[in-house]
Every structure is written in structure tokens, then in C-alpha cells.
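Below you'll find the structure, written out as C-alpha cells, and then a few comments.
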Amino acid sequence: MDLTHRPRRLRQDRVRDLVSETTLEPTDFVAPVFVDATTDERIEIESMPGHERVPIDEAVDRVEEVLETGVEAVMLFGIPIAKDPEGTRAWADDGVVQEATRRIVAETDAYVITDVCLCEYTDHGHCGTLEEELRTDADDAHATCTVDNDATLESLEKIAVSHAAAGADMVAPSGMMDGMVGAIRGALDREGFENVPVMSYAAKYESAFYGPFRDAADGAPAFGDRRHYQMDPANAREAIREVALDVEEGADVLMVKPALPYLDVVSSLRREFDHPIAAYNVSGEYAMLHAAAEKGWLDVEETALESLLSIKRAGADLILTYFAEDVAARL
Ligand code: PBG
């Protein structure tokens with residue numbers, strides 16, 4: 001046989017690693033952590049095996065568990081003590097994320113990123129204040145549910161500032177309101193937090209893969225869905241336009257969410273922008289591998305590793321993932 005090209009030559013042991021194009025490090029990962037102001041003991045999240053909501057008193061312990069695996073960054077989500085139509089507990093000085101952040105920053109070396117959104121804090125579960133005519137009539141809201149963009153920006157500014165004041169290292173607005181990055185950047189700068197970066201959930205799709213998270217963080221919309229603010233899964237070009245706006249408004253890190261079903265978007269943003277690209281390997285992506293593994297149909301460790309490698313290969317610099325601790329411990 002006279003074959004000039006034999007790609008298998010480089011697939012032999014000992015040379016495979018020399019020519020591998022992509023590697024994963026524990027420092028690529030951000031581990032989501034759920035802090036729950038309504039409990040004084042840890043509560044397992046059924047649809048996300050291995051994850052728990054922890055009371056404020058255990059937030060530091062929980063973060064220390066993450067740090068032990070080599071992962072250095074956490075993303076904090078809060079379940080507040082009470083909810084109301086405006087989500088006012090989201091910017092309370094003694095709010096769940098503010099309190100947990102103060103303790104984590106004081107007692108650990110973790111890099112603390114906070115999710116800046118309202119859906120866990122509003123009683124209707126939407127990511128902001130509802131438009132006036134919908135506030136009273138749930139039937140009408142169900143049909144056309146729309147969040148009041150500009151009123152919500154004011155809330156997001158207050159949340160971001162309160163997180164930074166509590167010591168958050170980075171804030172991550174996830175509500176998909178127009179102008180949210182610019183509003184938050186301006187508010188942080190006015191309050192003296194010009195060194196706190198903004199990681200925008202820049203291309204966040206209206207995805208069914210968030211299901212388990214909504215159990216975990218108790219942030220499911222009470223009616224309607226999020227299609228009037230999160231992106232349509234059909235659109236890839238729109239992601240470039242949407243993300244370009246966040247860049248103009250001062251976003252430091254650009255996130256795509258979910259990750260696996262949107263790797264084309266990760267890849268095109270990687271080519272289009274010089275900013276660090278983050279990908280959020282969401283709750284449903286985690287839950288489905290665990291569910292299949294429970295049935296004995298997949299090996300969760302191998303498929304998790306391959307998933308994260310694929311996300312990195314597509315162009316992500318950092319990955320938010322519920323697999324962070326498990327995979328980091330194996331690397
Ligand atoms: C909004 C937010 C959501 C997630 C992260 N931030 C929920 C949503 O948009 O409905 C989902 C994360 C996941 O599914 O893992 N605060």
C-alpha cells in the first residue's frame with residue numbers, strides 16, 4: 001500500500017498528547033452555588049444530582065468544597081427569604097447573595113461572580129418588573145407577558161451595586177434586558193466600582209434546558225415564558241448583533257447560554273470578538289447526562305469530560321458548569 005497520508009500516525013500513544021489541540025484546566029471552570037435564605041440545612045436538588053441549596057451559614061463551607069477541587073471561581077445564585085412583584089430582596093443590603101458574598105469574600109480566596117437577575121426574587125418569576133397593564137391581570141399577562149425593559153434597568157443597577165458593595169469580584173447580568181450592560185457599567189462606575197468587571201449573559205437563549213435550574217433556584221415564571229426577552233433558538237446572526245451591543249456598552253466577558261446546543265454561536269463569537277468568551281453548560285445539560293447514567297445508558301464522567309472539551313474546542317475560554325468539581329478533581 002502506498003499511502004502518503006496516514007493521520008493514524010499521530011494517534012499513537014505518547015504522541016497523542018503532544019499534538020492535542022485542546023486541554024481543560026480546573027481554572028477554566030466556574031462552579032454555580034445556590035444559597036437559600038429560607039433554609040437552615042442543606043437541601044438536595046433532585047434534578048441535579050450532587051448539587052444542593054445551602055443555607056447562608058454554610059455558604060463558606062460550600063465554596064471551600066469547590067476550592068478543594070482546584071476550581072477557583074463560583075457563580076452565586078440566591079433564593080430570597082421573600083418575593084414581591086418588583087423583586088426588592090434582590091438589592092437588599094441584607095439579601096441572601098449580599099450576605100453570602102460578604103462571608104465568602106472575607107473567609108476564602110474564591111473569585112466570586114454574582115448572577116444579577118430578578119427571576120428568583122419576583123413573585124411572578126419573570127426577570128424584571130412587568131409592564132404596567134399586566135401587573136394586575138394575570139390572564140392578560142399569560143398571553144402577552146412582557147417585562148418593562150427600562151424600569152427593570154433601574155433594578156438591575158441597584159442589584160449590581162449592592163453585590164459589588166458586598167465584595168463581589170464580578171457581576172453577571174442574565175436578564176436579557178436591552179441596555180443592561182451599559183446601565184450596570186454606569187452605575188458601578190458612579191459608585192466607585194470601576195474595577196468590577198461585567199460578564200454579560202450576552203447571547204442567552206429562551207431554552208427548555210433551564211428546567212432543572214428553575215427547580216433549584218425557584219425561578220420559574222408563574223405564567224407565560226421568557227420568549228419576549230431571551231433570544232429565539234432559531235437565530236445565530238442575531239447573536240452577533242446582540243453581543244456587539246454588549247461590547248459597545250462595556251461588557252468584559254461575553255457569555256453564550258446554553259452551551260452544547262449553541263456551540264455554533266460560541267464558535268462564531270470567538271471569531272467575531274476579541275473578548276473572553278464564556279459558555280454556560282446549563283442545568284438541563286447536566287441533568288440529562290446524569291439521567292442517562294442512572295439508567296446505565298451513558299458513562300457520566302466520560303460524557304461530562306467530552307462535553308466540556310467540546311465547549312472549549314468551540315472557542316470558550318471559561319465554562320460555567322455543574323460538572324466543575326467532578327471534572328476538575330479528575331484532571
Ligand atoms: C436567570 C438565570 C437562569 C439560569 C441562570 N440564570 C434561569 C433562566 O433564565 O430561566 C439558568 C441556568 C441553568 O439552567 O443552569 N437568573
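Quick reminder: no glycine exception, Cβ is built from N, Cα and C everywhere.
So that you can see what the record holds, here are the features copied from TrEMBL:
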BINDING   Cys117, Cys119, Cys127  Zn(2+) binding site
ACT_SITE  Lys204  active site, schiff-base intermediate with substrate
BINDING   Arg214, Arg226  5-aminolevulinate 1 binding site
BINDING   Glu242  Mg(2+) binding site
ACT_SITE  Lys257  active site, schiff-base intermediate with substrate
BINDING   Ser283, Tyr322  5-aminolevulinate 2 binding site
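Distances between the Cα of Tyr322 (5-aminolevulinate 2 binding site) and those of the binding-site residues Cys119, Arg214, Arg226, Glu242 are shortest for Arg214. Residue density at Tyr322 (5-aminolevulinate 2 binding site): 25 other Cβ atoms are found within 10 A of its Cβ, drawing on all protein chains shown. Of all the binding-site residues listed here (Cys117, Glu242, Ser283), Cys117 has the Cα closest to the Cα of Arg226 (5-aminolevulinate 1 binding site). Distance noted between the C-alpha atoms of Lys257 (active site, schiff-base intermediate with substrate) and Lys204 (active site, schiff-base intermediate with substrate) is 5 Å. If you check the recorded positions Cys117, Lys204, Arg214, Glu242 against Ser283 (5-aminolevulinate 2 binding site), the ones with a Cα inside 10 Å of its Cα are Arg214. Of the listed recorded positions, namely Lys204, Arg214, Lys257, the sparsest CB environment within 10 A is found at Arg214. Residues Cys117, Cys119, Cys127 make up the record's Zn(2+) site, and a Cβ search at 8 Å around their centroid adds Leu118, Glu120, Tyr121, Thr122, His126, Gly128, Ser174, Gly175, Gly219 from the same chain.
Taking the Cα atom of each, Cys127 (Zn(2+) binding site) and Arg214 (5-aminolevulinate 1 binding site) are about 12 angstrom apart. Proximity to ligand 1 (Cβ under 6 Å from any of its atoms) holds for none of the recorded positions Lys204, Glu242, Lys257, Tyr322. Note: the CA-CA distance between Lys204 (active site, schiff-base intermediate with substrate) and Cys119 (Zn(2+) binding site) rounds to 14 Å.
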